[in-house]
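A.B. asks: The structure's right below; bear with me while I get my questions together.
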C-alpha cells in the first residue's frame, strides 16, 4: 500500500503547481505569514523588551496619548497599552490555538467514527453534529461559559464544545469520498485493523482539508475569545487581554480613543493573517476544492 | 416526493428534540449545586440549607432530570417558557417584549449588507482580477476580520461623539438604528460580497450569457439583467443562513449600543444566572435558526429547478 502514497503526493504536487494565479496566492500567503510572524515575535519578545509591568497602575500617567515613552498611550489606570497588547497577544494566540486544537481533535474523531463505524453510529453522530450546528455558535459558547463561570479556561472549554461539528463534517465527507478507492478497499480486504487503516490510509488524506479548516478557524476563535472577554466572561482584570482592553476603554472613547483603537487593530490583523494563510493553504493544498471549482466552472 | 419529505421531517424533529435537551441541560453544567450557586450569587452570601431546599422545590429542581425536562418541554410547546427567577414576569412575555428590537436590527442589518455587497460583488466579478476586484476583496477581508463591537465603538466615536449625527445608544427611532445596523451589516456584507462575486463569475461563464452577447445585447444589460438575476439565487439562501450570524452579532452589538433586545436580555440573564430566561432565549433562537435553515433549503429548491429534490444529507 505504501507504493500508492508517492503517486498521490505527485498528484498533489501537480495540483499545487497548477493552482491558477500562483503569484497572487503566494503573495496572500506571504502577507498572511508575515503578519502572523510579526505577531508571534511581538508576543514572544514584546513583554521582555518593555520596561513596563502590564498590570502595575501608574495613576499619574493615566490617559496619556501616544508618545515616545508610551508609543500607544496609556489607559485609565496609567498602564502602558503597547505592553498590555504584547501580553494580550500571548493570551489571544495561546487560547485560539488551544481551542482550535481541541475542536480539531474532537471533530476529527467524531468524523472518523461516523464514516467508518457503520450505519447506526453514523446516524447518531451526525444527528449530534446537526444539533450542535443548530445553535448560533457564539450564543451557545456564551451560555456554556456563563454557566461554568467567567474564566479563560471556561472560555476555551465553551469554544471547544461549540466548534467541532464542522471538522466532523469535513472529515466524514473526505473519508466517504476515498472509502471506495482501491487502496482503501484492498487494505480492508487484507484485514487491516481499524486503527491501522485510519493511521496509514485515511489520516494522510485528511491532513490538507483539516489543516485548511483549522487555519481559517483560528481567526474565528480569536474573534470569539475577544467577544466573550469583552462581555466579561473571559479574562478577568487585571489580566491583559484584547477584548477586555476594548471593554475597559469604552468609557473613555472621547478622552482617550487610543485605548479602544489599539487592541481592535491587533485583533483585526491577527484575524486577517490567519484568513490569508487559510485561503492560500486551501488553494495550494486542497485538490478537492480546486477540482470542485474547476468542475463548477465547466 | 413524499419519502424525502418524511425523512426530512424525521431528522428535523430529532434535531429539535436534541436542541431542547441541550438547552435544558445547561443548568446541570453549573459547578456544584445549581440552586445553591444561584442563591449565593443572587445575595452575595451563602444561603442556608432550608433556603436552598425551598428554592429547589419552588422551581422543580428537586425532580430527576427527565421529569424536569419533560415538564419544561410540555410547557414550552404550549408557549409557556416558565417564570424568571428574579423578575416576577413570565419568560415568554420578556422574550416577546425584546423581540421587536432585535428583529428591527436584523432586518436593517440585512438591508445594509445587501446594499453594500451586491454592487461590490458584481463590480468585482465584472472586473475580475483587476485592481477594482482586488481592492474590494481586500475591503471584504477587513470587514470579516473586524470585531463587531470594536467597529461599533469606532462608529460611536466618529459619528456620534465627533460629528454629533446620531445618539450614542438606545432604541426607538431611525437615528438609533443606523449605527447598529451598519455595525452588524458590515460583517455580513463581507461574506455576501464574496458569495455574489463567486456566483456572478460562475453565471457569467454560462452559455446563455454568451448567447445573449452574441445576439448583440448590450454588455450592461447582459450583466444586470441576464446574469445578475440568476447569480442572486444562492445569495437569497445565504442571507437566510445569516440568521445565525445576526443572532451572534446581536448578543454583542446590542450591548455596545445599549439597545434592549434578545441579545442584551440573554447576556444579562447569563450573568444573573436567571436560567429560565437563558433557556427561553436559547430555545427560541435555536428553533428559529433550525427552521430558517429548513425554509432556506426549500426556497433553494423552489428557486433553482436544477437542484436535486431528493434528500441531500
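Here the Cβ of each residue, glycine as well, is placed from N, Cα and C on the backbone.
Here the structure is a predicted model, which means the values were calculated and not measured.
The transmembrane segment annotation in TrEMBL covers B:12-30, B:105-126, B:138-165, B:177-196, B:231-257, B:277-303. For B:99-300, the entry in TrEMBL reads domain 'ABC transmembrane type-1'.
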A.B. asks: Does the transmembrane segment (B:12-30) make contact with the transmembrane segment (B:277-303) through 3 or more Cβ pairs under 8 Å, each pair 6 or more apart in sequence?
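C.D. replies: Between the transmembrane segment (B:277-303) and the transmembrane segment (B:12-30), which are separate recorded stretches, there is contact, as judged by 3 or more close Cβ pairs.
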A.B. asks: Can you name the far-off residues of the same chain, 6+ from the ends of the transmembrane segment (B:138-165), with a Cβ under 8 Å from a Cβ of it?
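C.D. replies: For the transmembrane segment (B:138-165), the far contacts come to 120, 175, 179-180, 182-184, 186-187, 189-191, 193-194, 249, 252-253, 255-257.
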A.B. asks: Looking only at residues six or more beyond either end of the transmembrane segment (B:231-257), which have a C-beta under 8 A from one in the stretch?
C.D. replies: 101-102, 105-106, 109-110, 113-114, 118, 122, 125, 148-149, 152-153, 156, 168-171, 176, 179-180, 183-184, 187-188, 191-192, 195-196, 199-200, 202-203, 263-264, 266-267, 285, 288-289, 292-293, 295-297, 299-300, 303-304
